[in-house]
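Peer 1: Found this in TrEMBL, in case it helps:
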DOMAIN    3-128  domain 'Dihydrodipicolinate reductase N-terminal'
BINDING   GLY9, ALA10, ARG11, GLY12, ARG13, MET14, GLY99, THR100, THR101, ALA125, PRO126, ASN127, PHE128  NAD(+) binding site
BINDING   ARG38  NADP(+) binding site
DOMAIN    131-264  domain 'Dihydrodipicolinate reductase C-terminal'
ACT_SITE  HIS155  active site, proton donor/acceptor
BINDING   HIS156, GLY165, THR166  (S)-2,3,4,5-tetrahydrodipicolinate binding site
ACT_SITE  LYS159  active site, proton donor
Amino acid sequence: MTIRVAIAGARGRMGSEAVKAVTKRDGMELVAALDYKRVGDSLAELEIFPPNLNVPIFTNLDQLIEDTRPDVLIDLTNPQSVYEHTKVALMRNVRPVVGTTGFTDEQLNELKTLAENSKVGCIIAPNFAIGAILMMKFAKEAAKYLPDVEIIELHHDRKLDAPSGTGLKTAQLIAEVRNEKKQGHPSEKETIDGARGADFEGMRIHSVRLPGLVAHQEVLFGGDGQLLTIRHDSYNRESFMGGVLYCVEAVMTIENLVYGLENLI
Ligand SMILES: NC(=O)C1=CN([C@@H]2O[C@H](COP(=O)(O)OP(=O)(O)OC[C@H]3O[C@@H](n4cnc5c(N)ncnc54)[C@H](O)[C@@H]3O)[C@@H](O)[C@H]2O)C=CC1
Ligand SMILES: O=C(O)C1=N[C@H](C(=O)O)C[C@H](O)C1
């Protein structure tokens, strides 16, 4: 069976990479793109895509679903749009594979309920890179023994959300095994607001934004006389594509919402 795929955010940094990955993959057909129109109606009219790629671009998700009937919607847009896209897809029986970050806990819970009630598979993956998933798993394991931890996530300066979805997910996974603990000196005071980073159950998350970076993270664990550093680097956006394609296939086999690829591999 060929999986009919639509990509929201197809003109973006991740979306355009996903267009290439899906169109090259046997067993998948790219049937539509969702983004803002600027040049023409089909991806082929944009220089970045192959000239034979006759895939229509829509600006409205309902219309896209009506006209092209995708099985899966890959969302790589932004924190303002992703919740609505995922909700519309689930309500119309289209399986979302979501890489966009920046969901609130309430939004995640609502989507979980919607997916379960409608029995439509949905995967929300804050990071698709296998190395990043392993970094998160290893960090969770390490936190059982070394509960003093600080997360430093480093990204390109076009990123809209902070902390990153990966930084937040890492903190959530660590919190599953670590008793809440305020880090640093009990009487420490910030002389400049934010100096100690964001506070997640006493754990600190620091967000670095610089041109030249792609996506990087270090998880630092301190113990008596020792430091354990777990680091992952994505040097390009191809690093995420194996995970995107894996999720497109996996989402066809589930009937609920899975948050985080570590729950599938
Ligand atoms: N899960 C993962 O492994 C990864 C996730 N991301 C996430 O993916 C998202 C996209 O990242 P980038 O590609 O760097 O951003 P980008 O800004 O390059 O691309 C976003 C695209 O979405 C389009 N868009 C935004 N709102 C839209 C709407 N309502 N309807 C249609 N199109 C819309 C924009 O026009 C743009 O083309 C971010 O949330 C980022 O954090 C990025 C890399 C890896
Ligand atoms: O915006 C990005 O670029 C990335 N976003 C995701 C996140 O917020 O963790 C995944 C990856 O880090 C790249």
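Yeah, the Cβs are placed from backbone N, Cα and C, and that goes for glycine too.
Computed from a predicted structure; not experimentally measured.
How about a rundown of where these features are and what they're close to?
Peer 2: Within the same chain, residues at least 6 positions away in sequence whose Cβ sits under 8 Å from that of ARG13 (NAD(+) binding site) are ARG158, ARG237. Taken residue by residue with DSSP, ARG13 (NAD(+) binding site) is part of a helix.
Taken residue by residue with DSSP, ARG38 (NADP(+) binding site) is part of neither helix nor strand, so it is coil.
Mean model confidence of the domain 'Dihydrodipicolinate reductase C-terminal' (131-264) amounts to 97 (pLDDT, 0 to 100 scale).
All protein chains included, HIS155 (active site, proton donor/acceptor) registers 22 other Cβ atoms within 10 Å of its own Cβ.
The DSSP secondary structure for HIS156 ((S)-2,3,4,5-tetrahydrodipicolinate binding site) is coil. Listed in sequence order, ARG209, LEU210, PRO211, GLY212, LEU213, VAL214, ALA215 are the same-chain residues at least 6 apart in sequence whose CB falls under 8 Å from the CB of HIS156 ((S)-2,3,4,5-tetrahydrodipicolinate binding site).
Contacts of LYS159 (active site, proton donor) defined by a Cβ separation under 8 A and a same-chain sequence distance of 6+ are given as ARG209, in order along the sequence.
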Peer 1: I'd like the Cβ neighbour count for GLY99 (NAD(+) binding site), meaning other Cβ atoms within 10 Å of its Cβ, all protein chains included.
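Peer 2: Other Cβ atoms within 10 Å of GLY99 (NAD(+) binding site): 24.
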Peer 1: Only counting partners 6 or more residues apart, tell me which same-chain residues put their Cβ under 8 Å from the Cβ of ARG11 (NAD(+) binding site).
Peer 2: ALA33, ASP35, TYR36, ARG38, LEU46
Peer 1: What Cα-Cα separation, expressed in whole Å, is found between GLY9 (NAD(+) binding site) and THR166 ((S)-2,3,4,5-tetrahydrodipicolinate binding site)?
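Peer 2: For GLY9 (NAD(+) binding site) versus THR166 ((S)-2,3,4,5-tetrahydrodipicolinate binding site), the Cα atoms are 20 Å apart.
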Peer 1: For each of the binding-site residues (THR101, THR166), count the other CB atoms lying within 10 A of its CB, then report the residue with the highest count.
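Peer 2: Its Cβ has the most other Cβ atoms within 10 Å: THR166.
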